[in-house]
Structure formats: C-alpha cells, structure tokens
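Colleague: Per TrEMBL, the features are:
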TRANSMEM  24-43  transmembrane segment
TRANSMEM  49-68  transmembrane segment
TRANSMEM  80-100  transmembrane segment
TRANSMEM  106-130  transmembrane segment
TRANSMEM  151-171  transmembrane segment
TRANSMEM  183-208  transmembrane segment
TRANSMEM  264-282  transmembrane segment
TRANSMEM  312-333  transmembrane segment
TRANSMEM  345-363  transmembrane segment
TRANSMEM  575-595  transmembrane segment
TRANSMEM  607-626  transmembrane segment
TRANSMEM  638-660  transmembrane segment
Amino acid sequence: MKLCGSNYPLSIAFIVVNEFCERFSYYGMRAVLTLYFLSFFHWDENLSTAVYHAFSALCYFTPVIGAIMADSWLGKYKTIIYLSIVYVVGHLIKSVGAIPSLGNQAVHVVLSMVGLFLIALGTGGIKPCVSAFGGDQFEEEHTSERSKFFSIFYLSINAGSLISTFVTPVLRGDVKCFGEDCYALAFGVPAALMVLALVVFIAGSGLYRKTPPQGNVLLEVCKCIGFAIKNRLKNRSREIPKRDHWLDWASEKYSKQLIGEVKMVTRVLFLFIPLPMFWALFDQQGSRWTLQATKMNADFGIYVLQPDQMQFLNPLLILVFIPIFDLGLYPLIDMCKFNFTPIRKMATGMILAGLAFGLAAIIEIKINETDMPQLVPEESLIRVLNLAKNPVQVTIQEKDLFQQPVETFQNPAEYSKLILNGEQQSLRFTLQHQGLTLAFNYTVKEKSVYSLIVFEAEGSLSSRLITDLEAKPENGLAAVRFINGLSQDVNLTIDSRKFIAVQKNYSPSEYSLLERDRYNNGKCITETGEFPLELGLLDFGASYTIVITNISGGAVKTWKSEDIKANNVHMAWQLPQYLLISAGEVMFSITGLAFSYSQSPASMKSVLQAGWLLTVAVGNTFVLIVAEAAPMAQWAEFVLFTVLLFAVCIIFSIMGYFYVSVDPEDLEEKEEKRETSSRGNMIGLVTQKTKL
C-alpha cells in the first residue's frame, strides 16, 4: 500500500511516528536525569555526572547487541518488538522508582538503576534497526524516495528531542506531587510515549516488508581481524616472508574480497580514534551545563526557564543550522575557492566545541563570584546582626574583627573570617552598648558559618549565636529563615504550603527552601489574630534572614537580610556556548557520518555505523572517569576539556592530512582486475607445465 498514490509505502508512516515517540521518550527522560540524581537521591554533582554519562555510554554500547540480534538471529522486526518491550518495562520501573513514598532511598536507587539499564538496552538495541528497517520498505528502484525518507526520519528524531526537552522539565518543576518536584510524572510521560511507540509500530505489522536475518557483517569483520592478529603472532619467525598488510595474514581462512573491504574499513576506523573527545564535551550539555544552569538567573521576563530546559536549544539550533550550512555557508566557501574537505569540516567542529567549553569556563568563574568562600580546617565565618535600637560595638577575644560599631538593622557586610586554634574553640564576645559592657561565651566550630544576633529583651541587651547556610541552595531555589522579634509565638504560612512555627523573643526558625518567586500573600498567625505577611522577591540561589519586628497597621513589619547573594549571571549567557557546540555538531557529526559512509564498501556500512556509535560511548566513559577520578573546580574541568579537545583536534588534523580519500567502488574494481590478472597468469603457468 502506498501513501496518497506516491511511491512511499504506507508502512513508513508507522515507522516515523514510532521514531518520534521513542525519541521523545528517550530525550525527555534524559533531560531531567541529572537533576533527579542531584535532588531526589541527594548525590553530589560529580557522582550525578558520572552516573549520567555511564548511562549515556551504555546506550551507545548496546547498539552492537541489537545489530547482532537483528542480523544473526531474530531479524529487524522482531528485534525492534522484543527490545521495545524491554524499553517499556525499563521506563515503568524508572517511573515507579521516582515515587517518594515507595520504600527508602535504597529501593529508589535499585529501581532506578534497573530501569536505566533496561532503557539503555532497549534504546541502544533498536537504534541500528529502526532506520534500516524503514529503508527496507522501499523498492530498489525508489532510491530518491528512500533518501527523502531518511531526511523525514532525521526530522522526526529532532522534533521528538526538541519537544520533549522543553516539556519534560516543565512536568518536573512546575507540577508538584508528593510535596516536591514531580519526577514520577516527568518519567511517566516518556514511559507513556514509549508505550504509544510500541503500539503504533505493532499496528503497522501487516504492512511491513520483513527481510530474514542474513548474517552479521560486524561479527565477520571482528573474526577476520582476530584471525589475522592470531595468525601473525603464530608466524613470527624471520624465515617466514612478510606480507604487504597485516590483514593479509587472514588470507588462509578469508576471501581476498572480505580482506580488502576490511582494509578499507580499518583505514576509516583508525581516523575514528580521536573522535570520542568531541562527544565527551558534547554530551555534557545534559550534565555539567545543566548543573551550571541551576546556578544562574532564569528569569526571562515573560517566562522563567527551568535549568534543564536549556537543552532544547540544541535540537532547535540543529534544525536551523542544517539548511543554513548546506544552502548558505558551504556554497559560499566553495565560491571562495577554499577546499573545505570533510576532514577540515570535522576539525572545525572540534574547534567550535572547544570554544564553547572555553565560554562555559568563563561563565563558571563569574558564577562563582556569588558563592560562599570555601572554608579550610580551623576556619569559620561570622557576621553581626544588630536588632537593638542603638549601635553596638562587638569585640571577640583575641580577634581583630568588627573595628566599627554595628548600626541598628544595618545590612551586614560580607562574612568575616574567624581563625580558630583547633576543630572548635570557646570564645568570649564583648558587647558595648550605651556605656554598658556585656560578655557572652560561645563555642565556635571549624568550617561553619555563624550570625551573632544582638537584641534587646526585657530591657537589657542580649545575644544569640546561630548557624547559617554554608553554601548556596541547590537547583536555583531560595532559602529563607525567620527570627521572631515579637513577645509571642507565631505560625507562618507561605504560599499556602509552608507552615513554620517560630518561638518568641528572637528565636530563629529552620531554613525553608522555596521556588524563586514574589511571596506577598503570606500569613502570620499570633495569639491576637491573623495578619498578612509580605516577603517580596526570594531570588534564585539566595539565602535570606527575615526578622519579624512588630505588628502595626494591621500588618506584619519585617526586615530582610540577604545572607548569600542571588545568582546574578543570567541563563541567556549560555546561549553563545549552545550556538557554538550546535554549529560544531553540524560540522562534525553530519559530515563525519557522510564521510565514513562514502569511504566504506556497501557491505561494510553497518560496521562503520557501529564504530561511529562506539566513539560516542567511549567519549561518555571518559567524562565519568574524569568526574570520579579527578574532581576539580568546575571552571578548571571545563578548561581541561577545552585543552584536551584542541590537542586532539591537532592530532586528528595531522592524521587527516596524510589520509588519502578513496572511492570504494574504484578499489573494488582494481581488486577484481588484479585477481583476474593473477588467475590468468596462473592458468598460463599450469598449461606450460603440462606441455613440458
């Protein structure tokens, strides 16, 4: 059956819809994965990054398994069906593992890891099968239609990726379930899309052309290479004549045609050796770049972007850049008579990705300017909040701090560094107020942050040493605590969800984490009644202390202090790095696929496709090794990857300079002529010997 009287089989509609749903499912789930590890499991950034890239690497190792199953055992159709079922089960387990009320953290981790393993097996296993199965639906004479199908197929991949990376973070952050971000829904919707993908694919079963398995070329290539190496090691004697190429040592078992084709493939695979470094940088969009976005200002005026939503820029820019490059940039370069070879395009893509990480390092340095100082042993931070009616002079035993009196309700300067003589130290604090001198003793611990609250209670001066946050709140949340300056206990309601009880006489509350927003509809409930409470803007990544001073005019009067500065670097500054790395992907990835396809014989296309996918897997493996084995400041890690990619780019350029581009068909014709000529000479020799 054809589509609307064209030469397009009706079956490809089911395949394209299936691919759209599957890509929506995969990219949507992966978009929120790093923040899931960070916020739901409370893992640190390095462990979250390592597990994210371990999963990504597994997704690009498993296509080899899928290709072997399809070509040697089940065929493409059954492989897609069976592994899609595994895929769906993985999604369902992953979604169940994100329900907070279901067991403890160990249960959540086990369910999530099992789910991710099954998802990696499913998505990787069907990856080499679906596009090839779509190509199988066309008659041999309909080559132009098949070519357009692959374009539509690629468009469906990017459309699924674009929509899911924008929508899924909204489901995570804007929808609340179980009192927190709704990861169960963020994973559940991709699971539903994968179920739909499987149903759509099965619905078209009666329309498909299903080719039986015909043997796996990849296995034959591996066996040929293995036999050549083994045979060479066995015959290391100097008396045995050398052969022109190391693969010629497989000639005792394999045909010259296969050996010749493997030679062509190994030439290209040798060029693939430096390529994993590009993918090591590229795939950090979902890990390190997302973590960077959590430390930035995401307010775009009309819309507040979730940090994991920035990933949607990549598929969007890819769809924009492909026609711009193919129809504008490349023809313009050709008009300038510059030989922009595929190797040069790929090297340029590497340079652009390196520049993107250079920009990421600069942004990370600017972000760190609002961070709390890193404390070392025998070191603490302290400041003074004067809530009394008059200035107070504060001195600390044997410490040269707070030279000037602290004004009443003075916005505190940055924290002062307090050097201790051990892990903890008991210090004497002296307060001078209106001619009176009062002393208080407090124990201060190392690597801690403190506020000394000075206030008047029952007609005399008093103080209290309270512990502050040591680092910025995670994921762009705002932290707020209250100090109750009233003579009665209060209960506070913020945004109809947060209920906070604060005792009287300048007692502090615990910190509460809130989404960035303006909170002007709060309530303060006291013994005398209920009063409106306005907190104003609680900004991204900031920490606040709000002092309830009094109640007058039917409203609560407060004083707000910003303890930790808000994120002041806007998320829009990530746009240049996304532009660079997306342009680099177009030059590197699309060009690399086309180049490797053109340099391999027809029977070896799948082998090079497997080799290309393995470069992605190796790149992700490298990232998880760096994240776990060599933890360093984030900006320094970005610089490291930049330097490594530039170094690899130089190596790749040198390798490409000595690479001689070939036409596989020409080599095959030469090989056939050489074999024919060789057979002719052998026949002549045999005839001559018979006459003698």
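The backbone N, Cα and C atoms fix where each Cβ goes, glycine too.
Owing to the predicted nature of the structure, the values given are computational and were not obtained by experimental measurement.
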Colleague: Six or more residues beyond either end and a Cβ under 8 Å away: which residues meet both conditions relative to the transmembrane segment (312-333)?
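Modeller: Non-local partners: 27, 155, 158-159, 161-162, 165-166, 285, 340, 575, 578-579, 581-583, 585-587, 590.
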Colleague: May I ask for the residues of the chain that lie six or more residues beyond the transmembrane segment (24-43) and have a Cβ under 8 Å from a Cβ within it?
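Modeller: Result: 49, 51-52, 55-56, 87, 91, 94, 98, 100, 105, 108-109, 112, 119, 123, 160-161, 163-165, 167-169, 172, 181, 183, 186-187, 189-191, 193-194, 197, 286-287, 290-291, 294, 307-309, 311, 315, 474-475.
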Colleague: How about long-range neighbours of the transmembrane segment (638-660): same chain, 6 or more residues beyond its ends, C-beta under 8 Å?
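Modeller: Same-chain contacts beyond the flanks: 267, 270-271, 273-275, 277-278, 280-281, 284, 288, 341, 343-344, 346-347, 350-351, 353-355, 357-358, 360-361, 364, 626, 632.
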Colleague: Hey, would you say the transmembrane segment (49-68) packs against the transmembrane segment (106-130), going by three or more CB pairs under 8 A that are 6+ residues apart?
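Modeller: With 3 or more qualifying Cβ pairs, these stretches touch.
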Colleague: The transmembrane segment (345-363): which same-chain residues, six or more beyond its ends, come within Cβ distance under 8 Å?
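Modeller: Residues packing against the transmembrane segment (345-363) from afar: 277-278, 281-282, 288-289, 292, 569, 573-574, 576-578, 580-581, 583-589, 591-592, 595, 635-636, 638-639, 641-642, 645-646, 648-649, 652-653, 656.
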Colleague: Six or more residues out from either end of the transmembrane segment (106-130), which same-chain residues have a Cβ under 8 Å from its Cβ atoms?
Modeller: 15, 18-19, 22, 26, 29, 36, 40-41, 55, 58-63, 65-67, 69-70, 76, 79-80, 83-84, 86-98, 100, 606, 609-610, 613
Colleague: Looking at 80-100, 151-171, 575-595, which one has the highest count of Cβ pairs under 8 angstroms to the transmembrane segment (264-282)?
Modeller: 575-595
Colleague: What same-chain residues lie close to the transmembrane segment (607-626): Cβ under 8 Å, and 6 or more beyond its ends?
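Modeller: The answer is 49-51, 53-54, 56-61, 63-64, 67, 127-128, 217-218, 221, 265, 268-269, 272, 275-284, 287, 592-593, 596-597, 599-600, 637, 640-641.
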